[in-house]
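Visitor: I am attaching a structure below and will ask some questions about it afterwards.
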Amino acid sequence: MTPSSRPAIAADHGRPARPDAIPAEAALAVRGLTVSYGEKPAVFSVDATFPAQSMSAIIGPNGAGKSTLLKAALGVIPRLSGEVHVFGRPVKEARERIAYVPQRASVDWDFPATVMDVVQMGLYRRVGLLGRLSGRMTRAARDCLDRVGMADFGHRQIGQLSGGQQQRVFLARALAQDADLYLLDEPFAGVDAATERAIIDVLKALEAEGRTVVAVHHDLSTVRAYFDHVFLINVRRIAEGPVETTFTTEALQATYGGRLAAAHLDELAVAGGRA
Amino acid sequence: MGPEFVQFSLTPILIGIFASVACALPGNFLILRRQALIGDAISHVVLPGIVVAFLVTGVVAAIPMLLGAAAAAVVAVVLIEAVKRLGSIEPGAAMGVVFTTMFAAGVLILEQTDTSDVHLDVQHALMGNLETLVWFRATGWESLLDPAALATVPDELPRMAVVCALLVACTVVFWRWLKIATFDEGFARALGIPASAVGFGLVIAAAVAAVTAFDAVGSIIVIAMFVCPPAAARLMTNRLAHQVWWSVGFATLSAVLGYVFAGYGPLWFGAENAVSAAGMIAAVSGAILGLACLFGPHRSRVGVGRQEAP
């Protein structure tokens, strides 16, 4: 955990990467990450440390680079610069310890596959390109569906699911990866209340098992209920740390600028400066 | 089906089947990636590449033709990018403009060159020469066991069979990569699957199928087979593996029925001459797609049972 008792507002943007400064206990450590889609950087020189065995939220306004940070850390999109370590090792060497849940809208749900087909994609690291799926693995995949409350939907075509059900299938696929670090991109976007409840229960259970959860999150009203640790981003890092010390009015104002009414901020955030 | 069948129809039908299956296999994944236009573009762009390769080397051989097609593909990519930027129009339109222009250029070059001593002319480019790929030395089914007779089967048959087998093998070996990277590219990359290489390999596979099939059956079949059997197959099932099997079945059915209809269909209707086998095979594949659209069990899949949350 970051030991700071006050919001760590980053003042030194653009400093060089310092891979030697990666805390050993970090599940995910990003140093000097810059990503650009065109000429303007989407994420600029970001350092981020997500503590192990906790639940972290990546928070920021639309277009602030939340998803970009996650995808670039995973190598899903190329990074201009920066280093990423997962449990102290370069991300490329730690793939089997990472489970990834992309945004639900990023895939074509008319793809000819059943729910079970999608969940079994999560077993890829264990079966490899040509390995045979054993009966035990198939049963494990079915258990993962059961954990998200979708046990009866294994044979359903994925295009016939509701948005919430699709999100649960993606979560079940990540569970099938049996990873130590779960990275989720907007897991609660456009899902019904029951699904949101089911997903947060599963994530809390993962945390209780000693695993690490990092989620891109956009609903400020649930941050305090769901997460232990926050990372505030608006292209550059704004602040990071425990929710009770970092998720403050001033940090949110620095992140969102004039986009959120001050009164609204006060309701959401813990009082500024409170230790 | 006596000796005449083996002599005159067996090899063209087999070549038609291998060509159709070879194109349908990568077509499945191109369609699911919403890249059906790429198959179309490849089969058009291949023509100028092959013609120029012939002009440079003076022979109609597989390797120079493949290199020529590859070079033409590179030129096409550059031109598409240039048209897109200079004309600031959308990618699909840029692609359409470039590949039809290059195809037309190929036809023009072909007309201006002396290719009278080889099987390379405009009609051949469009429709191939399936009907001429007969097996003269065959005397009946027993010729299949006669090494001397087997040595005289048209070159196109073993070449198309090898390419078809190669594409089947690639589909089987890289099945999981193709499936995961086609459905969810981001997830595939996070797993360490080389998703870009998979996409690139798919285009290469389509180009190899197009060039080899082009030589034997012409570009009409190639264009039809990239799209029609996979699209019809998609309407028959909701499982990827089943879709690929259906597409192979439809491609085979198109080749057999198309060849038979082209040879005998006109006679049934009182006409005197057979029609182009390539044209008929492509037409049959289109008819199968039409039937699948009307009667396929999974044709109304889009949005079924979907309740979008706000």
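Using N, Cα and C of the backbone, Cβ positions are placed for all residues, glycine too.
Feature table excerpt (TrEMBL):
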- B:6-25: transmembrane segment (TRANSMEM)
- B:37-56: transmembrane segment (TRANSMEM)
- B:62-80: transmembrane segment (TRANSMEM)
- B:92-110: transmembrane segment (TRANSMEM)
- B:160-178: transmembrane segment (TRANSMEM)
- B:190-210: transmembrane segment (TRANSMEM)
- B:216-237: transmembrane segment (TRANSMEM)
- B:244-262: transmembrane segment (TRANSMEM)
- B:274-296: transmembrane segment (TRANSMEM)
Visitor: Should the transmembrane segment (B:92-110) and the transmembrane segment (B:274-296) be scored as in contact, given a threshold of at least 3 Cβ pairs under 8 Å and pairs 6 or more apart?
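Guide: Stretch pair does not touch.
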Visitor: Looking at the stretches B:37-56, B:190-210, B:216-237, B:274-296, which one shares the most CB pairs under 8 Å with the transmembrane segment (B:244-262)?
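Guide: Ranking B:37-56, B:190-210, B:216-237, B:274-296 by Cβ pairs under 8 Å to the transmembrane segment (B:244-262) puts B:274-296 first.
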Visitor: Same chain, outside the transmembrane segment (B:274-296) by at least 6, Cβ under 8 Å from its Cβ: which residues?
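Guide: Distant Cβ neighbours of the transmembrane segment (B:274-296) are 12, 16, 20, 126-128, 130-131, 217-218, 220-221, 223-225, 228-229, 231-233, 235-236, 250-251, 253-255, 257-259, 261-267.
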